[in-house]
Amino acid sequence: MSANHDGANLLEVRGLTKIFGTLTACDHIDLNIAKGEIHALLGENGAGKSTLVKMLFGSLEPNSGEIFWNGQAVRITSPGAAKKLGIGMVFQHFSLFEALTAAENIALSLDDGSPISSIAAKARALSYSYGLPLDPDSLVGDLSVGERQRIEIIRCLLQTPQLIILDEPTSVLTPQEADKLFETLERLRSEGKSILYISHRLEEVKRICDRATVLRHGKVVGHCNPREETAASLARMMVGNEVQAVVRAPVDGIETAQPLLEIRGLTRKPATPFSIPLKNISLNVRAGEVIGIAGVAGNGQGEFFESVSGEVLQQDAASVRIRGKDAGGLTITGRRLLGAAFVPEERLGHGAAPRMKLSENLLLSRHATDGKAFVGAGGMVKSGAIYAASQRIIEAMDVRKSAPDPEAAALSGGNLQKFIVGRELDRRPSVMVVNQPTWGVDAGAAAHIRQALIELSRSGSAVLVISQDLDELFEISDAIAVMHNGELSKPMPIAEATFEKVGLLMGGAEPGHAEHTLETA
Amino acid sequence: MDITVNILLTIATAATPLLIAAIGELVVERSGVLNLGVEGMMIMGAVGGFGAGYLTGSPWIGLLAAIAMGALFSLLFAVMTLSLATNQVATGLSLTLLGLGLSGMIGTSFVGQPGVRLPNLDIPGLSSIPVVGKLLFGQDPVFYISIVLTAAVMWFLFKTRTGLTLRSIGDSHTSAHALGIKVIRYRYLAVIFGGACAGLAGGHLSLVYTPQWVENMTAGRGWIALALVVFASWRPWRVLAGAYIFGAVWIGQLHAQAFGIPVPSQMLSSLPYLATVVVLVLISRNKRLTMMNTPASLGQPFVPDR
């Protein structure tokens, strides 16, 4: 670690500290970013990465410490000040305007005064040249997480910053799209730009990053050259001990097992002009197996989940069958009563009510199925019973929290996700449908959730996992199907599946003809 | 024919203060601030406008005073809700109560005094064209201001970069802050603009509609303006339509009462409210457009974490 200001460093951070109440989120952080390097920032959720990055981007003020930009001491007092210095940021969450179009979102971050009408064309051209195609006229509220992230990336690149901070940029891209992004990043590096790259995907950090700084519990625990490390050694630095590898025992005779979730010719018209119609989707999930659904964000996975969970009802009652009974016309509660459980993509606001306690959130999805246990005479909530049950889940899933029964919003993303998945697992559902089980969740928590889903299937349940994380699907699935433009490919047994085959289907190769496409390719 | 023209003219006069106050509030709400103090700002504009006109003898100075009074009064709201992050609903309500009380106190000596009236526009030749002459060229100046204002606000919100920025703040102030947009400054300006509009609307009442000072003379028009903004799903031309439907049914039911139609007068008096709500709900059926136009951060105080 060099202490001299040798001028080669674009950004130097000395002893940066941020204290929230009793929690020291960042504790004397030192960080040097050289010109023209891709620097990885590694750490589990809650390690202080976001707090550090927010201080660099001016949305949080440090309690102590110094920041040097090109050797000059600077105070970054607002995001506007950071932008003026030449720091751009691609956020993981919450920085787009849902009621505006993609082009308008981009226009807002450009200060060059170009008319809004010309920005749509400019954005479309740039997005294609960066390999991240987007429709500038679509409303952000209609877009999936992945498409929103593309807008974020384009928006940041259009500002031509000197330092680009990317927070988990590839978690929603196909492998081929991620490759394109890496090409872009390498091009930016060759132009002398610096990149601070936050990711939990250790393989890609090893692939593109020149140096890495590892945070744990708000402290810097090490600097390293990721190319000289293994994924396992990086994970060890982040977590502090070994991450338990997920174990998936092979299943025998699955072909003869009872299908617990049957989807037959599921078709759905687009709900809004921009959403994806579902086209004749058929799939069986049998007792004892995990089926994964891969696909680039925004290809109908959200619509599919809504249809299966009963948030949207089907005309044809037989298009969704749970444990042999027609469920297409049943509401989400009706489907739960048949033994199904659902975990939606969005944790806060959809999976859990942010301002309610965990025990109260337990009741959200289980008021009907566990009515006798949790609700007493006259509709009175048995607060003792829901508290005890929530504590049981917290213990089973190793949920880390600051109070005995905190509000959902007070938990970190990974811990809340463990609770929400645990809430459904606790019921021992015979059908479990999960959308994005570990989005933005740290390695330790993700391994825990994945193992729990596998164990549920091995105990005789049918598990359907929709995910944009291919590593995850290959880890837990017995077969992988790919969703593209509202159509679902035939499930491919995991023994035959490769990243390349799945990636091609994700990019739009004809469903069910993966082998053929590969031969001609 | 003359009766028709006269009825149309009274409709325009009834609709103008609603339109101006609602357009001002629309800009405020598009920036994500809910100011329930429209009634209070309006009555302050009315008393200020009447007072200045009465004391100087010039209705134009009265009109400027009305605008200034509304803007100044809204500044109080802006300081409370934006700088001190108080609850917008409570602050807005107290602004209305304060305005009603304060205007009564200021206006004690104006009661019963003859006011000055803003003269109608009268372009020789043009305004004597039958029917359209009076409608297009012979109305009071504030009517023209209200139409130009509506068009200008539409253009500003949807065609200019500053308007886009304002809408983005209303959609998500945290995202806007992350982009480096000065959220508080924009909101201050929006609130003061809304106050100025409410003041102008109040001035129209005491300098054009009924050129005199009567306590509580706004008679709930501020609340109607607020409701118009919501039912018009934050779209300027719908606010215009709403204000005129309200004005038309209002004048219509007054005539109906005068003719002695055998319907209870309470029923007739409620008609304008009912008709406006029904029509605006019907034209706002498109959920998607409503979602696009509803300011998602409306009413939430913005306190950047530091």
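From the backbone N, Cα and C atoms, a Cβ is placed for every residue, glycine too.
According to TrEMBL, the feature transmembrane segment maps to B:6-28, B:33-54, B:60-82, B:89-111, B:141-158, B:188-210, B:216-234, B:241-261, B:267-283.
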Feature contact check the transmembrane segment (B:141-158) with the transmembrane segment (B:216-234), CB under 8 Å, 3 or more pairs: no
Intrachain neighbours beyond the transmembrane segment (B:141-158), with Cβ under 8 angstroms and 6 or more residues off its ends: 12-13, 16, 19-20, 23, 26-27, 30, 63, 118, 121, 166-167, 197, 200, 203-204, 208, 236-237, 239-240
Among B:33-54, B:60-82, B:267-283, stretch most in contact with the transmembrane segment (B:89-111) (C-beta, under 8 angstroms): B:33-54
Stretch-level contact, the transmembrane segment (B:33-54) and the transmembrane segment (B:267-283), CB cutoff 8 A, at least 3 pairs: no
Contact set, same chain, for the transmembrane segment (B:188-210): CB under 8 Å, 6 or more residues outside the stretch: 13-14, 16-18, 20-21, 23-25, 27-28, 30-31, 33, 35, 38, 41-50, 53, 59, 62-63, 65-75, 77-78, 81-82, 115-118, 140, 142, 145, 149, 166, 217-218, 221-222, 225
